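Record features (TrEMBL):
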- 20-256: domain 'NADP-dependent oxidoreductase' (DOMAIN)
- TYR47: active site, proton donor (ACT_SITE)
- LYS72: site 'Lowers pKa of active site Tyr' (SITE)
- HIS105: substrate binding site (BINDING)
Amino acid sequence: MVETVTLSNGHTMPTLGLGVYMNEECAEACKVAIQNGYRMIDGARYYENEVQVGVGVGNSGVKREDIFITSKVFHADYTYDGTMAALKDSVANLGSSYYDLYLTHSAIGGKDARLAAYKALLDGKASGMIKSVGVSNYSAKHIEEIREAGLEMPVVNQVELHPFCQQKPIVEYCTKNNIIVQAYSPLVRGAFDNPVIQELATKYSKAPAQILVRWSLQRGFVPLPKSSQPERIISNSQVFGWNIEPADMAKLDALDRGKEGAITWNPVDVD
Ligand SMILES: NC(=O)c1ccc[n+]([C@@H]2O[C@H](COP(=O)([O-])OP(=O)(O)OC[C@H]3O[C@@H](n4cnc5c(N)ncnc54)[C@H](OP(=O)(O)O)[C@@H]3O)[C@@H](O)[C@H]2O)c1
């Protein structure tokens, strides 16, 4: 199942990951996911389960270096020292010497705080605690601040992204700047009752969740579906080796409601 994408810094990243938000006891989910082909886990300090991610990876039987692990620093820690301390704590929690990807969790906090946190992550990369640095919930204007400060650009921007909230301006900016877009809440948190999604699930004999993950992959995003249930974890990854036809992709594309379609905090417009 593992397909990868090459980031702008040359590292490779799987094109599908397991989300672990709202799953404090996620060790079992991580283990099941990895044993069934997942190679990426999307965590965060805010989820309070970095230790559990490390346990699940350790129990999976797959080598650490073959798994791509992400965490994120929350805006409450956006000073240089606060972020550096958070990162060191994350690394200790994981029980591994490094993260493959570490993100600033959102743009909340103002420009100075954002840049201070970002610089700490770049220094964490220089000292080997992180392989790649990225951002989450950033609009183009927030990423342009990084460029204007003369800092290395992020390799990933993780945003809420599904057919109802397609984040077109952010996606367009990231594509132009060689920043890979990770799609969070790609299953619309289980709100599948839309007739188009139901129609396509029937047509392709797939679960609605699989239609949503497949749409994300075909649009070039890196979806991070969350489940705590083994059978769903497995089903959500059975999204390779088949395609949604262009006319049906267009039907899903037509569901976009812009920011109105967001179902999470989606704090991409903060100053
Ligand atoms: N950067 C950010 O600010 C941010 C924000 C939100 C999320 N994220 C990341 O993105 C990940 C995914 O987003 P999310 O957790 O918000 O939502 P999601 O993946 O869109 O949906 C998760 C919900 O869908 C249910 N579900 C999963 N598979 C299903 C299936 N096959 N059939 C029916 N229901 C299913 C899950 O329940 P069960 O667990 O019971 O299966 C859960 O309630 C998070 O875990 C996190 O890693 C990041």
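For all residues, glycine too, the Cβ spot is worked out from N, Cα and C.
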Quiz item: Around the residue listed as 'substrate binding site', how many other C-beta atoms are within 10 angstroms of its C-beta?
Solution: 22
Quiz item: What does DSSP assign the residue listed as 'active site, proton donor', in three states?
Solution: helix
Practice problem: May I ask you to report the DSSP-based helix, strand or coil state of LYS72 (site 'Lowers pKa of active site Tyr')? | Solution: strand
Quiz item: Hey, how far is LYS72 (site 'Lowers pKa of active site Tyr') from TYR47 (active site, proton donor), Cα to Cα, in Å?
Solution: 9
Exercise. Which residue among the recorded positions TYR47, LYS72 has the fewest other Cβ atoms within 10 Å of its Cβ, if you could check?
Key: TYR47
